[in-house]
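**Q** My structure is below; once you've seen it, I'll send some questions.
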Amino acid sequence: MALNIKEISEVIEKQIKNYGKDIIEAEQGSVVTIGDGVSLIYGLDKALMGELLIFPNDVYGMVLSLEEGAVGAVILGDYKLIKEGDIVKRTGKVVETPVGDAMIGRVVNALGQPIDNNGPIKTKKSKPVERIATGVMARKSVSQPLETGILGIDASIPIGKGQRELIIGDRQTGKTAVAIDTIINQKGKNVKCIYVSIGQKDSTIAQVVEKLKKFGAMEYTTVVNAGASDSAPLQYLAPYTGVTIGEEWMENGEDVLIVYDDLSKHAVAYREMSLLLRRPPGREAYPGDVFYLHSRLLERAARVNEKFGGGSITALPIIETQASDISAYIPTNVISITDGQIFLSSDLFMAGIRPAINIGPSVSRVGSSAQIKAVKQVSGTLKLELAQYYELEAFSKFGSDLDESTKATLDHGARIIQMLVQRQYSPLNQIDEAIILFAIKSHLIKWIPLENIRDFKTEIITFFNNEKDAKALKAELTKKLEWNADLESGIQKEIEKLVVKFTSTLKNYNPTIFGDEKEFKKLGK
């Protein structure tokens, strides 16, 4: 075939005409290995830790391992679209999430992208998901209560705004229920909520979102979901995305509540990524920096002073234990990072005591300074009385001959436990809690048969919301937020009246079973 000189010269002439002087500089490397959501890339010598990389087909990755001659990256999309030899480019950016009020009421993925079919999120502002926690001098002490609406928690394990309180227990003990009830109770309290789901079933999250909508909680809540079907890198990123969304509000002077459900699955996702990146395994095959994984996340919860916005982030991380073993690696790590823990017991849960809070190992290290006086004044002995009850109950199983004092302690303890039982999705306000705790403290519940205690608790709330004199006393307590002698005697008299009224409706009621008949006849007079 003869060469056509004219055609060749036309091609060369065309190329000279179209020659551009603009030089596009891009640092790029090539994929050496790819598999299980992790890639090893050669040629990106200047890549930074946490930097975003772009692969073919618009798939992004994040640098998590820097080695001599190669970098390890986790893939944030479908890694099956990437093959060996593909060109990878640096972006010079880190993972960011949209932030702002446009996130309220939305369900987003671990990258802050909407997954609720309600259209795009209309916000121009975004922030890097990884950042250093607020410094010591920017922080303020925890002194304002965060009301959970759960009597057992608000009374004996109080939580303050800016605190980190761990919810820990075996599977199916009501950990998520405690967190969801706390979110529902923030309605009308000017607290924005973020629920971060890590490794949960999508059907479970759909139910949670439906419940939040039903109780009007989605009006102030954002849900960040990295489900069980999502990759380990997305499950790893989800909590950092959640707290970044919350930090924007905190810096604008608002109070935020964030729930991480749960950090056990978060640690498992990080372990999976680390092992695939060939990092040396440590205890329980977790990498050596698994403590830092959670500490840098939970340290971002704080109450900041006015110079830095004056807002707060309160964190409720959830940890799932195996056979109630709180001495395992991840539980002990998170216990040491947080400001206290709420321990949920499977034995109590199976016995129908819900929320199944085991008061013994549960503690709030900073929350007591945030408790309102009305609750603090009447809840001081509650933990001690329950501790005495559990101790005596264990011994009472060995012998039937018990003295009157021991019997009284056991009877009172059993009634306290029934008073603390609370149905899900029915949070209490703090004044109702204070009145219920006063009824416990003044031992007026001793006249009520054990099987009727829960009904009596409901009656207390109804009585103080409807009866004229009782309603006036409740209004005064709401105004003052602390007890005085007049309030104590007035409310005691009203509860005594209620005891007489309530017991009169019970069939075959005999007050002598519970105490002296003369003492009973003096009630309410």
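Using N, Cα and C of the backbone, Cβ positions are placed for all residues, glycine too.
Positions annotated as ATP binding site by Swiss-Prot: Gly169, Asp170, Arg171, Gln172, Thr173, Gly174, Lys175, Thr176. Summarising the annotation, Swiss-Prot assigns site 'Required for activity' to Ser362 and lists sequence analysis as the type of evidence.
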**Q** Fill in the CA-CA distance, Thr173 (ATP binding site) to Ser362 (site 'Required for activity'), as an integer in Å.
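**A** Rounded to the nearest whole number, the Cα-Cα distance is 15 Å.
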**Q** By the count of other Cβ atoms within 10 Å, pick out the sparsest of the binding-site residues Arg171, Lys175.
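**A** Across Arg171, Lys175, these binding-site residues, the one with fewest Cβ atoms within 10 Å is Arg171.
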**Q** So, in DSSP terms, is Asp170 (ATP binding site) helix, strand, or coil?
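**A** DSSP call for Asp170 (ATP binding site): coil, neither helix nor strand.
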**Q** To which of the binding-site residues Gly169, Gly174 does the lowest count of other Cβ atoms within 10 Å belong?
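**A** Counting other Cβ atoms within 10 Å of each of the binding-site residues Gly169, Gly174 gives the minimum at Gly174.
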**Q** Which number gives the other C-beta atoms within 10 angstroms of the C-beta of Ser362 (site 'Required for activity'), all protein chains shown included?
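**A** Looking across every protein chain shown, the total is 22.
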**Q** Could you find out if DSSP has Ser362 (site 'Required for activity') as helix, strand or coil?
**A** coil
**Q** Just to be sure I understand the packing, how many Cβ atoms besides its own are within 10 Å of the Cβ of Asp170 (ATP binding site)?
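**A** The answer is 18.
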**Q** These are the binding-site residues: Gln172, Thr173, Thr176. Which one scores highest on other Cβ atoms within 10 Å?
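**A** Of the binding-site residues Gln172, Thr173, Thr176, the most buried by Cβ count within 10 Å is Thr173.
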**Q** For the recorded ATP site formed by Gly169, Asp170, Arg171, Gln172, Thr173, Gly174, Lys175, Thr176, which further same-chain residues have Cβ atoms within 8 Å of the site's Cβ center?
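**A** What remains near the Cβ centre is Glu320, Leu344, Ser346, Phe349, Ala356.
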**Q** Whole-number Å distance between the CA of Arg171 (ATP binding site) and the CA of Ser362 (site 'Required for activity')?
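**A** Approximately 17 Å lies between the Cα of Arg171 (ATP binding site) and that of Ser362 (site 'Required for activity').
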**Q** Rounded to a whole number, how many Å is the Cα of Gly174 (ATP binding site) away from the Cα of Ser362 (site 'Required for activity')?
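**A** The Cα atom of Gly174 (ATP binding site) is 15 Å away from the Cα atom of Ser362 (site 'Required for activity').
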**Q** Which secondary structure state does DSSP assign to Lys175 (ATP binding site), in the simple three-class scheme?
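**A** The three-state answer is helix.
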**Q** Looking at the binding-site residues Gly169, Asp170, Gln172, Lys175, Thr176, whose Cα is closest in space to that of Ser362 (site 'Required for activity')?
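**A** For Ser362 (site 'Required for activity'), the spatially nearest of the binding-site residues is Gly169.
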